[in-house]
Structure formats: structure tokens, C-alpha cells
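Following: one structure in C-alpha cells, then a few remarks.
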Amino acid sequence: MSALRPSTGTITRGTPTSADLLLQLRERQPLVQCITNAVVTGFTANVLLALGAAPAMTDVPTESGPFARIASGVLINLGTPHAEQREAAVEAAHAARDAGTPWVLDPVAVGALPVRTRLAHELVALSPTIVRGNASEIIALATGGAGGRGVDATDEVEAALDAASLLARTYGTVVAVSGAVDHITDGHRLVRVHTGDAWLTKVTGGGCALGAVMTAFASTDPDPLRAAVAATSGYTIAADIAAEGARGPGSFAVGLLDALDAVTPELVAQSERLS
């Protein structure tokens with residue numbers, strides 16, 4: 001992609017590192033409002049708690065907007081968008097935008113299903129701080145394509161970079177494309193994160209929880225690209241640690257929570273691999 005210039009390990013000289021942002025997160029214990037899908041609610045909350053953030057599953061209309069104004073960050077995940085939650089998501093997105101609260105959009109299965117596709121396009125027009133999805137979701141959101149196979153990607157990450165750049169520049173957002181190597185761009189800078197384990201794809205909520213982690217990190221830094229990179233690095237380094245002792249997806253899921261609790265800024269500094 002000629003429009004994007006890959007960054008080196010240090011995104012901007014003299015600015016906080018991923019390790020610094022993890023330390024800030026644990027000191028601040030950000031309050032993360034999660035409007036997320038019913039399948040992953042418990043796992044997402046546990047991931048945030050293990051990391052050092054405070055989850056709040058506030059997804060009821062008339063409550064979601066006021067809460068978004070006081071939360072440290074808001075996650076909107078479209079995995080199971082029933083009617084009441086759709087209303088709450090739009091309400092929270094407007095409130096977050098008006099209050100300056102960072103918020104993350106995870107457009108699960110956009111393009112594949114009509115209700116969430118319409119909702120995703122309505123929400124992305126409100127300029128989320130970060131959009132996180134797999135390659136097929138990002139392509140569908142940017143181009144109006146058909147998307148992947150439900151929640152699963154059918155496109156490679158590299159194939160989504162033009163779409164990610166277009167989304168980022170059009171809506172003034174950072175776009176994180178998840179895959180074997182995560183790609184994160186603001187339409188001008190591009191960072192690749194080379195840590196992570198395939199076990200993440202075998203645990204329900206493995207990707208959705210990353211959106212919540214990005215929300216927590218977005219509250220620690222005014223540069224959402226840097227926050228998204230730090231979130232991805234911290235989460236995937238913990239996944240690598242968990243995979244070392246895993247016997248299967250069940251032990252990996254439990255091990256991931258333990259690793260998120262145990263991962264230190266020093267370990268992130270030593271283990272982070274960016275290009």
C-alpha cells in the first residue's frame with residue numbers, strides 16, 4: 001500500500017510506549033462500558049478485570065447514554081444486536097462523541113447480515129475512536145461488500161489494508177484488522193503486531209475481548225493508534241504466555257486470564273514485536 005508507511009517499533013519519538021500505557025491503565029483502572037454480545041459478556045468482563053480495568057455491562061436504553069458520558073471508554077460490539085441493544089448502542093455512541101469519551105466499534109459479521117450491517121454503517125458515521133474487526137468485516141464496512149462467513153473472516157489481512165485506510169481517512173478513526181499478524185492504521189501510519197497465538201481463534205470471545213482491551217487502553221492515551229497498538233501487544237503477548245501451558249482451548253482460555261493478570265510492563269517492553 002503506497003499510501004501507508006509502516007512504522008518502526010517506536011511510533012513517535014519521545015512518546016509513551018506500550019509498556020508505559022499498560023502501567024497507566026493499571027494505575028487508573030479505567031471504567032469500560034461494554035455494549036457487547038450475549039455470547040461473550042462474561043469472558044469480556046473477566047478479561048478487563050484481569051488486565052486491571054473495571055467493566056460495566058450497561059446496555060439498556062436511557063441508561064447507556066448517561067453512562068457513556070462518565071465512563072472512561074465505551075465498547076460497542078454488534079455480535080448479538082437485539083432491538084433494545086441496538087437502541088442503546090446508538091444512544092451511547094452519540095453520548096460518547098458529545099462527551100469526548102473514547103469508544104470502539106466492533107462490527108461483528110457486518111456485510112453478512114442486514115440488521116447489523118445497517119447499524120454498523122450508522123455507527124461508523126459517528127467517527128468511533130477505533131474500529132476493530134477481521135479482514136472481511138473491515139472490507140464489508142468500507143465497501144458495502146458481503147462480508148465473511150458469519151463472524152469468521154474469509155479474506156486475508158493484507159487484502160483489507162486499502163479498505164482499512166479508506167475507513168480511517170473517511171471517518172477520522174483508527175482501524176485495527178485482526179489476523180495472524182494484526183495490522184493497525186490511521187490512514188497514514190501503519191503498524192503490524194507480530195505477537196499472538198492461533199488458540200485465540202478457538203475461544204469464543206477471543207477477538208471480541210480485544211475490542212474491550214482497546215477501549216481500556218484508548219482511555220490512557222490521546223493517540224488512538226498508539227493505544228490500539230499497546231492493547232494488541234499486551235493482549236497477544238498474554239496469549240503467547242497462555243499458549244505455552246495450554247493443553248487445549250479450555251485451558252488456554254483460563255490461562256489467558258491468568259496471563260493478562262501477570263503480564264508486566266517490563267515483559268511487554270521485552271516481548272513486543274512491531275513492524
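Glycine residues also receive a Cβ, built from the backbone N, Cα and C atoms like all the rest.
Small disclaimer: the values here were computed from a predicted structure and weren't measured.
Here is what Swiss-Prot records for this protein:
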BINDING   Met57, Gly205  substrate binding site
BINDING   Arg132, Ser178  ATP binding site
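Mapped onto this structure are the features recorded in Swiss-Prot.
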| residue | record | Cβ neighbours (10 Å) |
| --- | --- | --- |
| Met57 | substrate binding site | 15 |
| Arg132 | ATP binding site | 32 |
| Ser178 | ATP binding site | 28 |
| Gly205 | substrate binding site | 24 |
Legend entry - Ser178 (ATP binding site) and Gly205 (substrate binding site), distance between Cα atoms, whole Å: 13
Inset, instruction - Would you mind reading off the Cα separation of Met57 (substrate binding site) from Ser178 (ATP binding site), to the nearest angstrom? - result: 24
